[in-house]
Each structure stands twice: as C-alpha cells, then as structure tokens.
Amino acid sequence: MRFQALFRVPQLNGKRFNSSSMYVPVHEPALESDCRRLEKFLQDKPHILVLTGAGISTESGIPDYRSEGVGLYARSNHKPIQHGDFVKSEATRKRYWARNYVGWPKFSSITPNVTHYTLARLEREGRISGIVTQNVDRLHGKAGSKEVVELHGSGYDVICVGNQDERGKGCNYRIDRHEFQRILDQLNPAMEDKSTMMRPDGDVELSMAYVEGFKVPPCPQCGGNLKPEIVFFGDNVPMPRIEKVVRMIIESDGVLVLGSSLTVFSGYRIVLQAKELGLPVAIVNIGTTRGDPKADLKISARCGEIMSNLFKPNR
C-alpha cells in the first residue's frame with residue numbers, strides 16, 4: 001500500500017507504533033537506548049523547561065511547515081501569512097478569515113497525542129517545571145498541562161489590532177474563537193466546506209471565488225480589524241511573554257526541545273540563552289535542527305515513541 005511505502009511503522013520492545021498521521025515524515029524506529037539516555041538526562045533535573053514545536057502536533061494530524069516531504073512547504077507553493085499583509089490589506093484579512101472559518105471545526109476538534117499527555121503526567125510528577133510551546137493549537141492545555149506559555153499565541157482567541165500605538169497598545173477587545181465562529185456563521189449562512197488542505201494554524205485552502213463574498217465583522221468596540229491572537233510571520237513576540245520565558249529559563253536546570261527544527265529564532269533563542277547560563281540541552285526531533293551543535297543530547301526520532309516510554313512503572 002502507498003501509505004506503508006511512505007511511512008515506516010516503528011517498533012520498541014516488540015511494540016508497533018502506528019504513525020497514523022500523514023504529516024509525520026519518514027523516520028527511523030526509536031531505540032530503547034534513546035529512551036534510557038533521555039531518562040538519564042531528566043533523572044536529576046526536576047526543573048526542566050520543555051520547548052515544543054510543530055513536530056509534536058503532526059502526530060495529532062496538524063501539518064507543519066518544514067517537515068521533509070510532508071510539510072506545507074514540500075506539498076504546496078503557498079507561504080504562511082505575513083503580519084504586515086494582514087494588517088494592511090482588507091483582501092488578505094478576508095481571505096484568511098474565510099479559510100480559518102472553514103477550517104476551524106476540524107482544527108478545534110483535534111485532540112492531544114501521547115506526547116502531550118506524557119508531558120502533563122511529567123508535570124504532575126514534578127519532573128518538569130513548565131512548557132513553552134511554539135504551537136497555537138492549545139493541545140497542551142487540552143492534555144492537562146498547567147504551566148504553559150504559548151510563545152506564538154493561540155488560535156483560540158481573537159483580538160482587535162485597531163488603533164495600536166508603536167508599543168502595540170490599543171483596543172483591548174477580545175473574544176473566544178468559538179464565540180467568534182458563531183458570529184461568522186450568522187454573517188455567512190451560505191458558506192459550505194469546499195476546502196482542500198489544512199494549514200498549521202488551522203486555516204485551509206480555498207478558491208478566490210469562494211472567498212470574495214465572505215463577511216468579516218469589525219471590532220464592536222472601536223471598529224478596528226480582528227485577528228487571531230497568533231504571532232504571524234513578521235510580527236514580534238510580546239515583550240511580557242519574552243520576559244516570562246527568560247525567567248522560566250533562569251529558574252530551570254535544563255531545557256528539553258521536542259519536535260522543533262528551531263529554525264524560527266524565537267525558539268532557537270531559548271537554546272542559546274540556556275547555554276549562556278551553562279544549562280544542559282536535550283533535543284528530540286526527526287532530522288537535524290538548528291540547535292544540534294549546542295545540544296548535550298540529540299535523539300533523532302518521533303517524539304511520541306520516545307515520550308510514551310519514559311519513566312514507565314513496572315517496566
């Protein structure tokens with residue numbers, strides 16, 4: 001079968017792991033020794049800070065941008081939306097919201113996988129101190145993790161970007177994305193799902209003819225433009241969020257990176273800051289990452305295979 005030709009089904013201790021997501025790239029099976037090496041790395045470090053990237057959510061069925069052969073860049077010529085384009089162009093905003101509207105029911109219904117649930121368990125067991133995620137899918141919260149910083153924001157909140165000053169201060173309007181979906185339903189009763197491909201931040205591919213009639217409401221407080229609380233490409237992570245992450249790094253005794261290529265500097269910076277403080281860094285990711293030369297431990301494997309076998313009782 002074509003699926004079997006594209007993806008290997010790995011084994012650990014005779015157990016087969018089903019790579020059910022079409023967005024997980026081809027990878028070698030995880031080794032028992034890799035799991036034990038990561039356990040040793042974590043064993044005497046109860047304040048590990050975990051940085052997660054899109055590679056952990058591909059196993060839940062959310063595509064990423066950069067995975068070899070299966071990421072969005074490999075499957076299409078489309079690029080992620082730019083912050084400047086969204087703010088300046090009404091056509092860009094309409095196109096984004098139409099796509100996001102159609103993709104939202106599927107995106108919001110996606111559930112956590114074994115990596116998310118294992119991290120929640122490790123937090124309860126006092127083995128990690130917190131999570132910084134580059135993902136906007138809120139799957140860590142769904143899995144039960146408590147100390148989570150969403151570095152690039154979340155697709156689950158909508159904010160107003162009208163009347164902002166140079167510091168990003170302006171209208172404070174905010175609405176839950178589910179509630180905003182109901183408003184879009186009322187404004188666009190004739191819209192049907194004619195999507196072809198979901199993107200990493202939850203929107204989908206739609207034809208321009210399908211987008212033209214889509215209606216997007218203005219901010220009810222100031223009349224400004226509404227956008228998801230996602231840090232789009234070309235925008236900056238809010239300074240209070242950066243400062244909180246820095247405090248988390250300082251208070252940690254090491255960093256564990258899961259499922260990130262660290263291509264985006266906001267994530268790579270966490271590795272650099274950890275090394276400047278003399279903290280150890282471990283990375284689990286399929287393929288190479290920007291941070292590999294800085295890592296004290298690098299494991300090239302699917303995160304779900306490794307995480308599901310950490311600190312298991314009665315092993």
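Using N, Cα and C of the backbone, Cβ positions are placed for all residues, glycine too.
Feature list (source: TrEMBL):
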ACT_SITE  H152  active site, proton acceptor
BINDING   53-73, 134-137, 259-261, 285-287, C303  NAD(+) binding site
BINDING   C160, C171, C219, C222  Zn(2+) binding site
DOMAIN    28-315  domain 'Deacetylase sirtuin-type'
Binding-site residues compared (S57, N285) - the one with the fewest other Cβ atoms within 10 Å: N285
Number of other Cβ atoms within 10 Å of the Cβ of H152 (active site, proton acceptor) across all protein chains: 21
Residue among binding-site residues C160, C171, C222 with Cα closest to the Cα of D137 (NAD(+) binding site): C160
Distance [Cα-Cα, Å, rounded] between N285 (NAD(+) binding site) and H152 (active site, proton acceptor): 20
Cβ-based neighbourhood (8 Å from the centroid) of the Zn(2+) site, residues C160, C171, C219, C222 excluded: V161, G162, N163, G170, N172, Y173, P218, P220, Q221, G223, G224, N225, L226
Entry from the binding-site residues list G53, G61 having the most other CB atoms no farther than 10 A: G53
Packing count at D137 (NAD(+) binding site) (other Cβ atoms within 10 Å of its Cβ): 25
Nearest of the recorded positions (G53, S57, G61, H152) to C171 (Zn(2+) binding site), judged by Cα-Cα distance: H152
Spatial separation of H152 (active site, proton acceptor) from S57 (NAD(+) binding site) - C-alpha basis, Å: 15
Pairwise CA distance, H152 (active site, proton acceptor) versus G61 (NAD(+) binding site), rounded so that it is a whole Å: 19
